[in-house]
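Quick notes on the structure that follows.
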Amino acid sequence: MALKLCFPPHKMPSFPDARIRSHRVFMASTIHSPSMEVGKVKKPFTPPREVHVQVTHSLAPEKREIFNSLNNWAQENILVLLKDVDKCWQPSDFLPDSASEGFDEQVMELRKRCKEIPDDYFIVLVGDMITEEALPTYQTMLNTLDGVRDETGASLTPWAIWTRAWTAEENRHGDLLNKYLYLSGRVDMKQIEKTIQYLIGSGMDPRTENNPYLGFIYTSFQERATFISHGNTARLAKEHGDLKLAQICGIIAADEKRHETAYTKIVEKLFEIDPDGTVLALADMMRKKVSMPAHLMYDGQDDNLFENFSSVAQRLGVYTAKDYADILEFLVGRWDIEKLTGLSGEGRKAQDYVCTLPPRIRRLEERAQSRVKKASATPFSWIFGREINL
C-alpha cells in the first residue's frame, strides 16, 4: 500500500449520511500531537502522532444484510481474481539462490547493479517496503469491517477467504523487497527493521469506522495508489540500470492492479445496489481525505519521518499530489458517478462534490507548489544518517 500527501486546508461540505450509518460510537484519542516539544517523552507503544477522534460501527444494521446477500456474488466475481499458489511468483524467483554454488557471485552481481542507484531512490524503495511489511495491520483493518470480517480466523465466507488470500498474496511483496534491500548492502537494515516494528505497533488510522462501504472505498484508492507507486519505482530502477529491480517492482505493481480490480468491483456492486448510500460514503471518505497506511511511520528518531519520506517520493515522481487527484478522477469514471440517478438531495450534493473535487485538488496543489521554498535536506536513518533533499 502507499503514501500520504498533505494538501492545504480547504472547506469541504459535510453530508448527512444516516442512510448508511447506525448510531456512532466516538472514542477520543489520548495520543499526543505530532509536533512534540523537545524533551517530551513519547509514551511506549503509541503512535508517533495524534490520531483522529475515532468512530466505530457506523454502518446501520440493515446495511450489513447487503453483504450477506452478496456472498454468492463475491464467490463468483471476487474470489476468481485470486491466483492459485502454484501459479504465483515467489520472492525466491527473483533473488540469488542461496542453495546454489554461485550464490556469492549472484549477490555480488546484485550489489554491482544497484551500486550506482542514488540514495533518494533507496528512500522511496525502503518506504514502500516498510509499508508492505506492515501487512498485519492491514489484515487487522479489514477484519474490523462489520458484515465481512473473518469471525473465526478460518471462516469460509467468501469475504473472509478473500481477506486471508489477499493477505497471503501481499505478503510476498514485503518479503521480496526486504531481502533485496538486505542483499544490496546499501541500507541500514536494523533501522529499517525498527521502523517496521514501530509501524506495526502503532497501527493505522484510516477512519473507516468498521464500515465496509468506507473500507472498500479506502482499499480501492489504496491499491491503485500502490500500483502507481511500484510502477514508478520500476520505471526509475530501469533508468538507473537495474533491470532486475525494475522487474521486481513491476511484478509487485501487477499484483496491486489485480487487487485494485477486486476492490473496485465490490464498490461498483454497492453503487448498483445502494447508489445513494455509496456516494455518501465516497464523499465522506474524500472529505476526511485518504490517509495512507504508513502515516504513523517512525524510526525512533524522526518524528516527521513519514512526511519526509513522502516529500522525497513527491520530488522523484513516485507518488504525488497529482496522482492523488488522478486516482479520484479514475474512480469517479470507473464507477460512473456522474451518471448516477435517483439520488436523494444529499446524494446529489455528494455526487457533485466528488465529481468536482479532482480539479480543485489540482488547483490547490499548484498553489502550494508555487509557495514551496528551496528544498531543505534531512538525514534518514535508513541510509546511515546521510542527508537527502526533500
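Quick reminder: no glycine exception, Cβ is built from N, Cα and C everywhere.
Pulled from Swiss-Prot, these are the features on record:
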BINDING   E132, E170, H173, E256  Fe cation 1 binding site
BINDING   E170, E223, E256, H259  Fe cation 2 binding site
TRANSIT   1-27  transit peptide
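Mapped onto this structure are the features recorded in Swiss-Prot.
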{"residue": "E132", "record": "Fe cation 1 binding site", "DSSP (3 states)": "helix"}
{"residue": "E170", "record": "Fe cation 1 binding site", "DSSP (3 states)": "helix"}
{"residue": "E223", "record": "Fe cation 2 binding site", "DSSP (3 states)": "helix"}
{"residue": "E256", "record": "Fe cation 1 binding site", "DSSP (3 states)": "helix"}
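Cα-Cα distance from E256 (Fe cation 1 binding site) to E223 (Fe cation 2 binding site): 6 Å (rounded to the nearest whole number). Cα spacing between H259 (Fe cation 2 binding site) and E170 (Fe cation 1 binding site): 9 Å, rounded to the nearest whole number.
A straight line from the CA of E170 (Fe cation 1 binding site) to the CA of E223 (Fe cation 2 binding site) spans 11 Å. You'll find the Cα of H173 (Fe cation 1 binding site) roughly 13 Å from the Cα of E223 (Fe cation 2 binding site).
Neighbours of H259 (Fe cation 2 binding site), defined as other CB atoms within 10 A of its CB across all chains, total 24.
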